[in-house]
Amino acid sequence: VSEERAPRPREWRPQIYRKCTDTAWLFLFFFFWTGLMFIMGSWAVAGATARLLFGYDSFGNVCGKRNSPVEGAPLSGQDMTLKKHVFFMNSCKPDIKDRKLGSTALCVSSCPEEQLNTLEEVQLFANTSGSFLCIYNLNSFNYTRNPNANSLCPRLPVPPSKSFPLFNRCVPQTPECYSLFASVLVNDVDTLHRILSGIMSARDTILGLCIFALALSLTMMFTFRFITTLLVHIFISLVILGLLFVCGILWWLYYDYTNDLSIELDTERENMKCVLGFAIVSTVITAILLVLIFVLRKRIKLTVELFQVTNKVIRSSPFLLFQPLWTFAILIFFWILWVAVLLSLGTAGTAQVIADGQVEYQPLSGIRYTWWYHLIGLIWTSEFILACQQMTIAGAVVTCYFNRNKNDPPDHPILSSLSILFWYHQGTVVKGSFLITVMRIPRIILMCIYDTLKTKQHGKWSRGTFRCCYCCFLCLDRYLRHVNQNAYTTTAINGTDFCTSAKDALKIASKNSSHFTPINCFGDFMIFLGKVLVVCFTVFGGLMAFNYNRVLQVWTIPLLLVAFFAYLVAHSFLSVFETVLDALFLCFAVDLETNDGSSEKPYIMDQDFLSFVKRINRVNTARAQRDMDSLRTEEGTELGPIVR
């Protein structure tokens, strides 16, 4: 009776049974997106993105467009179609109120590129260029006649300025004025505006570098597609040269910055600090990767054979290589939509008239909570899209692997995998992506707290504690990603829910870890080196491009954005091989679990893969035997008698 009541271990049934999994999570994701769509619609109406992108004056007018009047502000509601630049009347000696720029801002058609010393020169500039630098209700004819012209016109002398892509502002070009103006201007805007200003000032360079990263990722993907031993050696040599070259360039730039005479400017100091930080980080990463390459160099031949087996699976379903293109296009569309809503959130506010008819915009109440909801939507949806790609690729690999007739491959495995994902397992993908989101949000909160503690007088123990917690969440995030990938593959095999699939995958992977873990880890390491190569060459191009604009901008955010985009693109394309590798070895473990190689239960794997696994076992057995012989020799030396 006890044996009958004892629960039987659940058997692996590849592609036999299928049901809807984790449906409650799918409904939760639907309700979450309902709230997200409500936020998008409501804040898109309340926001004013043009005010953030193009800049606005002190009277509620957005520069470069026709405006509606604000009640109580007589100088609002003007047509600024031809006036696209923001000019601050007292840019050289700004009024600072609560660490913010209190100078009156005007919309002008052009910035004065030469210094104006008298009101007559200001009047002449207005008549010749059509750019009026005094208050709107003062006619240029009265610049020299009105007794109040000193308070209605800019302070003299007016420094030469140039339109800077920081919301089309006229930035003074003399070093003594620029340093003060830039430091006050940075304090005048929040973090969102600083990020957008850096991106806008280098948008052409960023776009070119992103296209370059995309081309490099495609090249790397086709290199792995037709990989050979010679290509692996060339590839590793390029990685080593790229790492050393980027480190050398960064240290050279830091030396060049320290000997630059214009280092007194704030932007120069920020760039020098960023170059030093990038140089230290890149040097540490280079040292670690060089040691790993030296230690693992003897596994190159087996790695080439591993990728050849992987390419045979991809050859049976060549459209797997185009899967990242669809995923990347969907991600780009979603990110553009998300950024548009973010701009609306950043500009949603009510106009309030203050002294002298000037207008200030007060943010709406409760908007900060909306930012957090919007951020969770970004992370969860992005992870969901990437998880759908992993599930689709894993399902296609499972379909091809468990096909008994290798001479007759299944028709349209990708479409079959997509249909199974759509009809049965969307809830599983939602649950897995939610776990990654749960790990990502605490990391963001801990980094915000760490930055707050860093700017205040807090002890080193507090900052160190938060930093350690952040590293723990980072390691847990990496582990969960691996668990999720195996869970998606198990769901594609058995049709079980996420928790059951993750548990089964951990059990069978731990049971058969000796077969494939070492070589699989080195295969993943080679794919990671491909991502590093793409990032290295993209960052090198960014360093060369951004170095020409030292004085005009702090290029930390653009360079970090380019590096992040390059890694993301490389990961999107090269993760195809990584997902195929993980799915292939998990299918191999299931094959060993359900079959024994006899005539009644023959293995499903093809002969090439079977011979590759046997070769790995022989290498591992020979290495273990050498270790045992070495251990016995050492023991014999220690315990043997001394012969004289």
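Placed from the backbone N, Cα and C atoms, the Cβ positions cover glycine too.
TrEMBL has this to say about the protein:
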- 23-46: transmembrane segment (TRANSMEM)
- 206-227: transmembrane segment (TRANSMEM)
- 234-255: transmembrane segment (TRANSMEM)
- 275-296: transmembrane segment (TRANSMEM)
- 325-351: transmembrane segment (TRANSMEM)
- 371-402: transmembrane segment (TRANSMEM)
- 525-546: transmembrane segment (TRANSMEM)
- 552-570: transmembrane segment (TRANSMEM)
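Same-chain residues lying 6+ beyond the ends of the transmembrane segment (234-255) with a Cβ under 8 Å from its Cβ atoms: 223, 272, 275-276, 278-279, 282-283, 285-286, 289-290, 293, 300, 529-530, 532-533, 536-537, 539-540, 543, 547.
Counting residues 6+ beyond its ends, the transmembrane segment (275-296) has Cβ neighbours under 8 Å at 236, 239-240, 243-244, 246-247, 250-251, 253-254, 257, 522, 525, 529, 532, 559 in the same chain. Counting Cβ pairs closer than 8 Å and at least 6 residues apart in sequence, the transmembrane segment (23-46) and the transmembrane segment (325-351) reach three or more and so form a contact. Across 206-227, 371-402, 525-546, the stretch most heavily in contact with the transmembrane segment (325-351), judged by Cβ pairs under 8 Å, is 371-402. Counting residues 6+ beyond its ends, the transmembrane segment (525-546) has Cβ neighbours under 8 Å at 202, 205, 208-209, 212-213, 216-217, 220, 223-224, 232, 235-236, 238-239, 242-243, 245-246, 249-250, 253, 289, 292-293, 296, 303, 307, 553, 555, 558-559, 562-563, 566-567, 569-571, 574-575, 577-578, 581 in the same chain.
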